[in-house]
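Participant: Starting off with a structure, shown below.
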Amino acid sequence: MTTTSRSGRQLWLPWLILVVSLTLITYSVDSFIRLPQQLGVSQQCRMSRMWPAYIDHTSNLEPFSPSGLWRKYRLYLYRERHFEPMDLPTGSPALFVPGNSGSYGQVRSVASSASRQFYKENGSGARRDEWKDAPPGVAHTDWYTIDFNEDFSAFSGTTLIEQATFINEVVSYLSDRYASAATHSYAAGERNTTVPILAHSMGGIAARLTAHLPNYPVGNIDTIVTLSTPHAFPPVPFDSSVEYVYSLINTPLDASRVTSRSARNVPPLLVSIAGGLLDTQLPSDPSSLSLARIGEAIAPSRISTYTGSLPSLWSSVDHVAVMWCDQLREKIARGFLLDMMAFGRVSDERNAGGVSGRSSVLRRRRELWRRALSLFDVSDAGNGEIGPLELTPSPDWLLEEDRETFVVENESPSFQRPTSGPDSALSVDQQNTVFRIPARMGDSDDGLHAFELITNLCVGWNPSSGMGAPLPQPVELVVQLCTSNPDSSDPVSGQRTSCRLVMPWQWELIPPSFLPRTDILMQESSQHIDTHLPENRPFPSADEIYHVPGYAFQRLRLDADLLQRQRIDWIRVERKTDSGVFVHQRGLKSFVRGGWMRQAAGRLKKHGSSLLLTQDQDSDIQHHYQDAGFATTSAIPIASEWLLKGFSSSLLARRIELVPSQCLVENLALYTLQSNDESLHSTDASFSPFMRVSDRATGDSRWYPQLASPELVRRIRARTYKGEPITFPLSLHGNAPFMPPARDSLNEIRVQLWTDQALLRPVPGKSLPCRSSVDSIRLSVDWKASAGLVLLRYRFLLAAWPLGLLSVCIGLSWLTWTQKPELPFPSPLTSITQPVFRTPFIGNRVDPLLGLLACTAIALILLDGMRLWLYRCMSSAEARGPTSSLIGMVLGLHNHASSAGLIPCFLLVSYATLLVIVAIIQWSFSLIAAIVTRFGLAHKLDWVGAATASSDPLKWNRRSMAGLAILLLSVVLLVPHQFVFLIMFLLQLLNTLRALLELQSNRGPPQSQESRFHQHLSILMMLVLLLPQKASFLVTWVRNLASVGIKTPNTMAAWMDHNLLDVAPIVVLVWLMAGGRMLEPARSKMEAKAIVFGFSIVGWYALVWGIRYTYRTYDAFNALCLVLAVCHWRSRRAGSRSHYSQGHAACNVAKHSDETSGMLHAHGKDEGVNLGDAPAEEFELRSGLASARLPIHHLALPSSVDPQSGGASIAEGNASTCAVVESSAQTNLGGDKLDELIADYLDVLDRYQRARNATSALFSSGYLKLTRAKIELGASRLSSNSYDSRLLAEVRATISNESSSQSSCGGLPAQASEISHISVARVQPDYSHLENDDYVLIQDMDESKVEKADSTIAGLRRRAAVGVTLSETDVVEGSGPHKHSPRGSLNDSVLRPVRVSAADAEGRGDAIKMSAVQPEKGHSKNSKYDVISTNQGDDQLGRMEQTKKVAAKPDALLQFGGLPSTALRGAQVDLRKALNQLLGAESHVHDDGVLQLALRLEVLTSAISTLKATAANQSECEKR
């Protein structure tokens, strides 16, 4: 990647992307908000009622809680007033675990329902009739609930581990309190008591985690029911500790546990119920155990479904309502009651028999919970307890007899019936019908038939149904499954018939699909509809109690494998009454419809993204035997079925367009259905067609009853119906992002359509095909609703991808700046709007921003395709389930076409989000800086201390290092690393503001200060995008701090958030930047590549893994901070010597602080030397030659000194001495001249090294004594920022030109001929002009007491030196302690170095004085500067001496104390000597100073390089 031409950029492109992205975001957000209306879903939950009371048991936990968590959390026992007789425990324990920010009081809905189903409502403790035979103290559940202080467990794995640890301690306490009873073989309490758990949201994760902790009570937790729990992956992937928890609980089970029959190896029964589409707080996809492949090796250990599939509810439920929804709480409460009633509470008995076979109690407990939840067919996700067919031992395994599921042995009664006579099983009359197994019509038809029976009659009392207390009801319909076997008593021709009764729990409750009654239909109009009529009520409705007998329909389905396994020969249906009791009370007509159907017999045809479903031409060829009275005489099946393979998706919403057949339309126009019709008319229409669409992998389903609605029938009879399709929305949970793809045997959508055969009778006078109630069903994609579903699943996109794009753009800018450090480092806004990127194969013909986004999108799409290929090829990846890293890459989809369409859209939205964030923050800093400056607060935010030059050896400030060590040590001992990250964020915020204020104050080289500000701002931008990951945890930590203090509980997670490495690199980098300097360029290609690689790693993790593993972006940024800190440290340690970039060693990158900025300018870059080819020693010397990098103490000149543009200073320009190299500039460039120059160079180099070492020793001694003086006087009286601005200059520079004719040195830079010679001497300043003041020189003043803006400090009045002409532009604001005085009264005078050319110096004289000037105009009453001659000043001073008393001369030490200490005076002496030796002041030989020697080395180096270049050119010419 190289720098592209700025002229080819389209500056409007970022804003165009912003407009397009805002359109996409608006479209998606609008779809998300209107998602329930678009999908036709609404929450239909009845409100639950209860009388709660809580009894605190926390004090009893202390002996069972060695971790000390009993001080942090609490345990309560729930009691329902007016039902439960006493507050003491009376039954079996059950525990409720709240979720993220959940309350312990959420248990009241389920616990209240359990009490109301078990006790009568009088408070006497009397049981209901169905529980009167239950063992005492077993069946009833004592509900305990845990108070987790409403912790945010979704954001912290540490919190989850602490909660799981406390759950284990509570279970140990409850097992001890509810000790098992004594038996003949065991003493009391010898066997473990099980404690089933009900958990909401993240509480389910904590409950599952208990088995992986050291204090887990083995065998005491055998049932975990979870509500809206994200089992597959974390809902908020901001913390690596949460991912660690998920990796523990989702580890596949060992093969030994699958085959073991030991009770200790039996996993807990895990029941997962998800809320569905209305749960927008947490997507319900990860709640599917089947789709996540959790526990699929032991299918009987799991149940997974959605609330929309639960009978009597059939509604999606939001995240909170899943706890109080009345229809759901009745099922859950009854499931716990039945579980304890049937299997007791002793752990060994409940887990006996292993995990498979008829003896497995686990299978029986699963069957009980399936019945309690009323799960049938595809609603029991993952193929029920069978599991995926890919994992079955063999195809014949399904037909084995031990596959029969039951709760109690012989629960389905069987009896013998004669084969002839009136009581024969084959006898048929008007109320009794026999359905024989259809004959095989071909080899392909084997096993394709299934039996369907639908009725609204009562089929018996079902106590195992989880729909509240069962209502007494008569048996109005009986179904028997009969088998004919040879009779042993009559071996010749005798047959014996054995029939098994179909029990009530085998019937599935389905929604009612009423056909409009014609007598009522004729009385109503479209404007006046009676909503109280059953056929006019919406579905589902919270006001309807569907499980009341006679309202909803009952369905019996007998699949082919069940009929084969039980060897059924025929099915006998006996109707006990003509009209049902409950049906008649509602004014409805009783009906029974049954018949055979072929499974998955429909035809599919794909049209682009749409799918067309039609009937198979041969699907109506069915064999019905003796079905008179129940079914029509035609051979039309009662149901049609389509299987859509690979059609499952959670991201796509669809529209169903159903076209009714003409036969159905004609029959709807002619049928007759009367109210309260008690007669038996088997051929009359009885119910409206209805449909169900379900996903076999997840168990999610959607019912569409009453396809022939009253409005449609009304239009048909009015002849206004024109054949328009009936439209319904559809969205199911299926294959989802970051989830394993569904198994092939489960990856299907099933569409089922039921039709009353009476509505498909031949129409008199018309020849119409009457094979089906619909001509076609079209499924098409609803793109608007799909946008809302995509937004629901990819909400964390904005937490990762903007950071990735920012990192890539800043990395490109950093690489370019490293190559060309003479350019300022670009701002973040410039980096993202004008990225330095060259599009491969196209170059500058495409805008760099467009090329960058396009290349990123193509790379991600190709990477996603490679990921899919690897996942399908690696069996180990599929075995890992949701923990596979391949699933979490990019978008985590298993459809490459979907990824290719979404990735460009996501990139545009991410870029627009980044653009808005960066622009707002960058503009906000400008606004804040303006406000701070306006109110005069800038000086309070000034840098503390002085940042030394880049060429200085890296020195360590003890106080700063101590603070850094304490901060890092606090991470280990006291606070989590997230808290320190927040501190570093705030510190970097302050650093960035300081850098901007200094940039606006114009106190230093603008290029370096601009680079520093942009670097600080770039790092801050990345910290801003990372802040949400850590701020979420801090909320939990602060809450815990308020509740239990700083003490950490004794758990395995005690030190998870106290890892020093999680924050140390960020702390070090921000600490380095807090010193007031910018980060140095790379010294070598290796370092440059390392920095670019660090930014690339952040971009890689953010774009590739950022959505699923967001926390990895923080780890990548940590590594980037480490690389930046190490490279900066190496550059500082070596004086920022870079042989990677050519010719920029002496650029303006030296001083970056208020204290030293502007003191000396850089030499300027060398134009003729290739440093990359120079020896290391020569390069090291040249890197240190820039006088701007010489170690000059910050007290040598005031911090406000800022060189003027256009002037000359001691430290600026390439000074040269023509006399030294005069001979080297001649035309004759022989080898003797070159040897002579090299010898001279080595001699000067030796003198330079000795002079510099001596200067360093003096500086070290002076600083040591200054430190001792600080200890003696105190930091408040002697600080690093102190400087008496009233002092005059004590340094005089003499610039002379020996000969203008000799000033032209061949090959030397142009500026070298301007200054012939520089000599520096220290002089005694003349303070006589101060003797006219009325005040003493040194006077303590309180700035807050100064009342007038025109008063000056201590009455001083400054005059300029002789011959110096000043203008208003020569004056700058003072710096130091009095900068930005609030009242403008204390303004420091500043020293101005004046740059004078050789010609000017010769005309004015041989001496130029650097002196002080008065403050800016407007800050003093003497707004005009007095420029006088020396004689005038002497006259004036003479007059002063006659009238005024001579004041004390100013001294640098008097500002620190009235009587300076010996250490302070010693420091002054040493530092003054060091400065003299550095500048060559008071030296008899003008060339002995470090400055002069460095300049001579510079000239000699340039001359030698020029001679080499000239010799090389002459050699080439001679060769030619």
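All positions are counted from 1 along the displayed chain.
Including glycine, each Cβ sits where the backbone N, Cα and C put it.
Swiss-Prot feature annotations, pasted as is:
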TRANSMEM  13-33  transmembrane segment
CARBOHYD  Asn122  N-linked glycosylation site
CARBOHYD  Asn192  N-linked glycosylation site
ACT_SITE  Ser201  active site
TRANSMEM  796-816  transmembrane segment
TRANSMEM  846-866  transmembrane segment
TRANSMEM  886-908  transmembrane segment
TRANSMEM  915-937  transmembrane segment
TRANSMEM  966-986  transmembrane segment
TRANSMEM  1018-1038  transmembrane segment
TRANSMEM  1052-1072  transmembrane segment
TRANSMEM  1087-1107  transmembrane segment
CARBOHYD  Asn1214  N-linked glycosylation site
CARBOHYD  Asn1253  N-linked glycosylation site
CARBOHYD  Asn1297  N-linked glycosylation site
CARBOHYD  Asn1387  N-linked glycosylation site
CARBOHYD  Asn1513  N-linked glycosylation site
Participant: By a 10 A CB contact count over all chains shown, which of the glycosylation sites listed here is most packed: Asn192, Asn1253, Asn1513?
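Facilitator: Per the Cβ count within 10 Å, the most buried is Asn192.
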Participant: For the recorded positions listed here, Asn122, Ser201, which shows the highest count of neighbouring CB atoms within 10 A?
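Facilitator: It comes out as Ser201.
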Participant: For the transmembrane segment (796-816), find every same-chain residue at least 6 residues outside the stretch whose CB is under 8 Å from a CB in it, and list them.
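Facilitator: For the transmembrane segment (796-816), the sequence-distant neighbours (Cβ-Cβ under 8 Å, at least 6 residues beyond its ends) are 1, 3, 236-238, 823, 825-826, 828, 830-832, 835-837, 852, 856, 906-907, 909-911, 913-914, 917-918, 1018, 1021-1022, 1025-1026, 1028-1029, 1088, 1091-1092, 1094-1096, 1098-1103, 1106-1107, 1110, 1113, 1120.
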Participant: Hey, which of 13-33, 846-866, 915-937, 1018-1038, 1052-1072 has the most Cβ-Cβ pairs under 8 Å against the transmembrane segment (966-986)?
Facilitator: 1052-1072
Participant: Among the recorded stretches 13-33, 846-866, 886-908, 915-937, 1018-1038, which has the greatest number of Cβ pairs closer than 8 Å to the transmembrane segment (1087-1107)?
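Facilitator: That would be 886-908.
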Participant: Might you confirm whether the transmembrane segment (915-937) is in contact with the transmembrane segment (886-908), defined here as three or more C-beta pairs under 8 A between residues 6 or more apart in sequence?
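Facilitator: Counting Cβ pairs under 8 Å, fewer than 3, so no.
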Participant: How far is it from Asn192 (N-linked glycosylation site) to the residue listed as 'active site', counting Cα to Cα, in Å?
Facilitator: 28
Participant: Expressed to the nearest Å, what is the distance separating Asn1253 (N-linked glycosylation site) and Ser201 (active site) at their Cα atoms?
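Facilitator: One finds 70 Å between the Cα atoms of these residues.
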